[in-house]
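Everything on this sheet refers to the single structure shown next.
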Amino acid sequence: MFLQTALLLLSLGVAEPDCNTKTATGPYILDRYKPKPVTVSKKLYSATRYTTSAQNELLTAGYRTAWVAYCYNGGLVDSNTGCNARLLHYPPSRDELLLWGSSHQCSYGDICHDCWGSDSYACLGQLDPAKHWAPRKELVRRDANWKFAYHMCNIDWRCGVTTSPVFFNLQWVKNEVKVSTLLPNGSTVEHSAGEPLFWTEKDFSYLVKDNFEIQREEVKISCFVDPDYWVGERKTKKAFCQDGTNFFEVTSHQFCHQYACYNFSKDELLEAVYKERAHEKSKDLPFGNKSWTVVTASIDDLHALSAAQAFELEGLRASFAELDSRFRQLSEILDTVISSIAKIDERLIGRLIKAPVSSRFISEDKFLLHQCVDSVANNTNCVGDSAYVDGRWTHVGDNHPCTTVVDEPIGIDIYNFSALWYPSAAEVDFRGTVQSEDGWSFVVKSKDALIQTMMYTKNGGKGTSLTDLLDYPSGWLKGQLGGLLYGNIGVYLLIAFAFVLLIRLIKSAGLC
C-alpha cells in the first residue's frame with residue numbers, strides 16, 4: 001500500500017515538472033459575470049374587453065345655402081344706391097337629410113336672376129328652400145343692378161349630399177363605453193352605440209348611424225411592463241400590450257385603442273404605471289385635445305423617426321458584436337474544459353457529436369477516435385456483452401450485472417429557465433386620416449367650392465371674360481348710362497351754376 005502511494009505521488013510530480021508548488025499566490029475564486037439587471041417583465045393580465053362587430057359607421061352629410069343680393073340703383077347722389085348681399089344657411093333637417101341620403105339628391109328653392117321692379121320683392125320675403133331637386137348644385141354670385149331707379153334681386157342656391165362609411169373610435173365616458181365619431185377638425189362627438197347622432201354646423205347637417213352593439217368579454221392581454229423605462233435622460237414607467245393585431249401603450253386601467261376598450265384588473269405593477277402617467281394630460285400632448293387621426297407626419301418627421309431607428313439599429317449591431325465576442329470567449333473556454341474532461345471520460349466527445357466512438361489523446365490537443373458499440377436500449381445498462389457501470393462501459397460479468405429500469409425516469413431541471421418570447425409578424429390595419437375619407441373629403445371640397453364661388457362675381461368679377469361680358473342682359477348698358485346721366489343731373493346743374501357765378505364775379509371785378 002505504501003509503495004502504491006509513493007508511485008502515485010511520484011507520477012503526479014512527474015506530470016507537472018514545470019510547476020513550482022513551493023510558492024503560491026492567492027487565494028482566488030472564479031468570479032461570475034454579473035449582467036445588468038433587466039427590469040422589464042412579460043405577463044398576461046386579466047381585462048374586460050369591449051369591442052364592436054363593425055369598423056365603420058354610416059355618415060350622411062348635406063348642405064344648403066342661399067345667396068341673396070338686394071340692390072338699388074339710384075345714382076351717385078342717392079345714398080340708398082348699393083347692394084345688401086348675404087349668404088343664408090338652410091341646413092337640411094334630420095328628416096330631410098334622411099330623404100336626401102336615400103334619393104342621392106338635394107332640394108333647393110327658387111332661383112331669381114336679375115329680378116327687378118315688383119319681382120325684386122322675392123328678396124324680401126321668406127324663402128322656401130325645398131322646391132327643386134338636383135344631385136348637386138353650385139350657386140352663381142350676382143350682385144349687380146342695371147335698372148336705374150329700380151330695385152333688383154338675385155337669388156341662387158347651392159346644395160349637395162353624400163353618404164359613405166367612416167371609421168370611429170371607442171372611448172370611455174364616465175365609466176361607460178361610447179362611440180366616438182371623429183371629425184375633420186380633430187374634435188370628436190360621443191354617442192351610444194345603436195343610437196343615431198344628428199347635428200348641424202352652419203349650412204351643413206350630419207347624421208351618423210351604426211347598426212352594431214358593444215360586446216363584452218373577459219380576456220388575457222399580453223403586456224411588457226418596464227418600471228425603469230428611459231426616454232432620453234428621463235426615466236418613466238411604461239406598459240406595452242398586444243391584443244391580436246392591435247399593439248398599444250396602456251396609460252390607465254380604463255383604456256381604449258381604436259375599436260376596443262379595456263378595463264384592466266388591479267395589478268401592483270400596472271398601478272405604478274398608471275400613477276406615473278397620470279400627470280400627462282391632454283394639454284401636454286403634442287397635438288392638444290385633437291384626435292391623432294387628423295394629424296399627418298411631415299417629411300422632416302419621417303426623417304427624424306428614421307434617424308432614431310438608425311441609431312437604435314447601430315446600437316443593436318454593437319451589442320450583437322459584443323455578444324459574438326463573448327460567445328467566442330465562452331467557446332474557447334468550453335473547448336478547453338471538454339478537452340480536459342475527455343482525457344478522463346473517453347466517451348465524452350462521442351456523446352457530444354452523437355456518435356458511438358471513444359477518444360484517445362495522443363498529444364495535448366490531438367486525439368484518435370475508436371468505434372464503439374452503439375447503445376440502442378434505453379431501459380437497460382447492457383448491450384450485447386457490454387455493460388454500462390459507474391460511467392464506464394465494461395464487459396458483463398458477475399461484478400457487473402445487467403439492470404433493467406422499469407419506471408419512467410423523472411426529469412430534474414437544474415436551470416429553471418423561463419420560456420423565451422418569440423416575436424411574430426402581425427398585420428396592422430392602417431386607417432389613414434379623417435380628412436382622407438370620402439364623406440369628410442366631400443365636406444372639405446364643398447367648403448372650398450363655396451370660397452371659390454364667393455371670389456367670383458358674375459358679370460365683372462374675378463376671372464371675367466368676353467363671354468361673361470356678353471352675358472350682360474339687354475338694357476344693362478342703357479341702365480348704367482341712364483343712371484350715370486339722370487342720376488347725376490343735379491350735380492351737373494350745380495357745376496354749371498358755379499361756373500356762371502364765377503364768370504360774373506370776374507366781370508364785376510373788371511378782370512376781363
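Each residue, glycine too, has its Cβ placed from N, Cα and C.
According to Swiss-Prot, the features are:
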type: SIGNAL; residues: 1-15; note: signal peptide
type: CARBOHYD; residues: Asn185; note: N-linked glycosylation site
type: CARBOHYD; residues: Asn263; note: N-linked glycosylation site
type: CARBOHYD; residues: Asn289; note: N-linked glycosylation site
type: CARBOHYD; residues: Asn378; note: N-linked glycosylation site
type: CARBOHYD; residues: Asn416; note: N-linked glycosylation site
type: TRANSMEM; residues: 479-502; note: transmembrane segment
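Taking every protein chain shown into account, Asn185, Asn263, Asn416 are the glycosylation sites, and of these the Cβ with the most other Cβ atoms within 10 Å belongs to Asn263. According to DSSP, Asn263 (N-linked glycosylation site) is assigned to a strand segment. Rounded to a whole number, the C-alpha distance linking Asn185 (N-linked glycosylation site) with Asn416 (N-linked glycosylation site) is 55 angstrom. Geometry remark: Asn263 (N-linked glycosylation site) versus Asn416 (N-linked glycosylation site), CA distance 33 Å. In the three-state DSSP assignment, the secondary structure recorded for Asn185 (N-linked glycosylation site) is coil.
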